[in-house]
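Q: Below, the features straight out of Swiss-Prot:
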SIGNAL    1-20  signal peptide
REGION    25-50  region 'Disordered'
COMPBIAS  29-45  compositional bias 'Low complexity'
CARBOHYD  151  N-linked glycosylation site
DISULFID  415-456  disulfide bond
ACT_SITE  418  active site
DISULFID  449-489  disulfide bond
CARBOHYD  492  N-linked glycosylation site
CARBOHYD  510  N-linked glycosylation site
DISULFID  548-602  disulfide bond
ACT_SITE  555  active site
ACT_SITE  581  active site
């Protein structure tokens, strides 16, 4: 009896080792193939080649379960051997093996039933339980394997579907003379797909996205559809869709289906004409989403949700949790009301809409500006500007950009350093007018070396002029690049290319004096109320004074020119200032802001200053 027990244990260990060696050989073969493909692309050398490492084979103990990679060809071959002929193999979902009275494989796979009456019923999940007896061989010399149970449907065994054992016996008899099928016979190209079935599948996916947090679309018309079976099911649909903005687009929709245990996962890509590509994913049922949102059987086509999703895609917003996303969505909704109010009360031609600041609170947005308030009780430290009188009529328009006196639009990032960009822009313009050379000077030097201002926590142009004078000048941007945070000052006086003797204050509230100074000297540093700039998209901005008070200056910018927009059909003329901002070229009009000229809109002439070069 002891001898029999010992023999049984030895047999079980032998089975585990044999199975482990088989899969180890396959994995090693794959690794060797990868290595050979890599070596083929490299130049050979005369160096000695080291011996390949010894592969350690894991021996399974009785009852121990080992999960197998779905990508192993051997596992796929086993599954395809016992899959009914009426079904096309798609991919392995899950697989494991264990030592029992042999090697027991349990494989969960995704397949297509080619005999399904309704296309929507073609996608199925099969679970196969297969017993391998390696001490037995088939007539072709392969290891003997037999099907234990299967929940796959097949017309030949439907009559015994309720009896798993009988069903397995019939399937074994059916496949006893069947050789392994090639994956090339199964995986095909795009084939035409029933349009009604495609429309139903698309509608189901859209319902899930609407119920969750995805984009929102409505189907208008389906033109054509196709399917491709690979390691999953790719359904491609050509259709007209209406998005959350109530705009109709011709779109190609790709639905990539992966079937998993107890839930399915779909990756959906919307490629609409003249629109950015939108990608989404859903992994839960409509019923689950309905319970979550408490909107059972009443999915609301929410325009705001759709706009918020497009905002996330365009500006790359990623939120750390669902709670944060919901908070940002609430802020976004409130900001849409502000945008609506700005558009309704706009007296110029400006359009306000969704910008990168659309999910920020007012306080968060203010952190992206950074201008301190002047203490009106104290002297600024600057001299009163002597504005040269312009002889003759002032030009209708003027732009220092056309005179090569304005550098490219810069981006201060998530740092309240507008004051530094306003000052360097002013000095860059003055230097270009004086020397004929347009150079970029360093804002980072001011963040690091100006001890009066507070780097990313804000500052004042008045202080920056004084700091440059005391420090000894400015280095070039390339020599002292911008980091959007305060670091240790490492100013190199030998690399100072421009020096400042002081600064001047232009007459407060006098926009004609600003024009004359601009024409004679160069761009002007100003402070402005940035309320209307948060959602500015273009046009001449002329908001109500109640929405943009001249007293609340919070942003430092640069006036580089002026002009006039004429609207003869409406008998309307809009004079404006051309303002260079520091939020990058994607904001506003390629980084610029046109604000109404003539009534001190948003305090444009309240804090106008300019450096005096040494």
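The backbone N, Cα and C atoms fix where each Cβ goes, glycine too.
Tell me what's around each of these sites.
A: Counting Cβ atoms from all protein chains shown, residue 151 (N-linked glycosylation site) has 14 others lying within 10 Å of its own Cβ.
Counting only same-chain residues at least 6 apart in sequence, those with a Cβ under 8 Å from the Cβ of residue 456 (disulfide bond) are 370, 414, 415, 416, 417, 447, 484, 485, 486.
The DSSP secondary structure for residue 418 (active site) is helix. Take the CB of residue 418 (active site) and look out to 10 A: across all protein chains shown you find 28 other CB atoms.
In sequence order, 467, 471, 489, 491 make up the list of same-chain residues 6 or more apart from residue 449 (disulfide bond) whose Cβ falls under 8 Å from its Cβ.
Counting only same-chain residues at least 6 apart in sequence, those with a Cβ under 8 Å from the Cβ of residue 492 (N-linked glycosylation site) are 475, 479. Residue 492 (N-linked glycosylation site) falls outside any helix or strand according to DSSP and counts as coil.
Counting Cβ atoms from all protein chains shown, residue 510 (N-linked glycosylation site) has 15 others lying within 10 Å of its own Cβ. For the recorded site, residue 510 (N-linked glycosylation site), the DSSP three-state label reads coil.
Mapped onto three states, the DSSP output places residue 548 (disulfide bond) in coil.
A sphere of 10 angstroms centred on the C-beta of residue 555 (active site) encloses 27 other C-beta atoms.
In the three-state DSSP scheme, residue 581 (active site) falls into the coil class. In the shown protein chains, 28 other C-beta atoms lie within 10 A of the C-beta of residue 581 (active site).
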Q: Among 151, 418, 510, 555, 581, these being the recorded positions, pick the one whose CA is nearest to that of residue 602 (disulfide bond).
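A: When the Cα distances are compared, 555 comes out closest.
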Q: Could you state the CA-to-CA distance between residue 555 (active site) and residue 581 (active site) to the nearest Å?
A: 9
Q: Once near-sequence residues are set aside, which residues in the chain of residue 548 (disulfide bond), 6 or more away, have Cβ atoms under 8 Å from its Cβ?
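A: Long-range Cβ contacts: 529, 531, 532, 601, 602, 603.
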Q: Within 10 Å of residue 510 (N-linked glycosylation site) (Cα to Cα), which of the recorded positions 151, 418, 581 do you find?
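A: Near residue 510 (N-linked glycosylation site), where near means Cα within 10 Å, there are no recorded positions at all.
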Q: Which one of the disulfide-bonded residues (415, 602) has its C-beta surrounded by the most other C-beta atoms within 10 angstroms?
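A: Compared across 415, 602, the most Cβ atoms within 10 Å surround 602.
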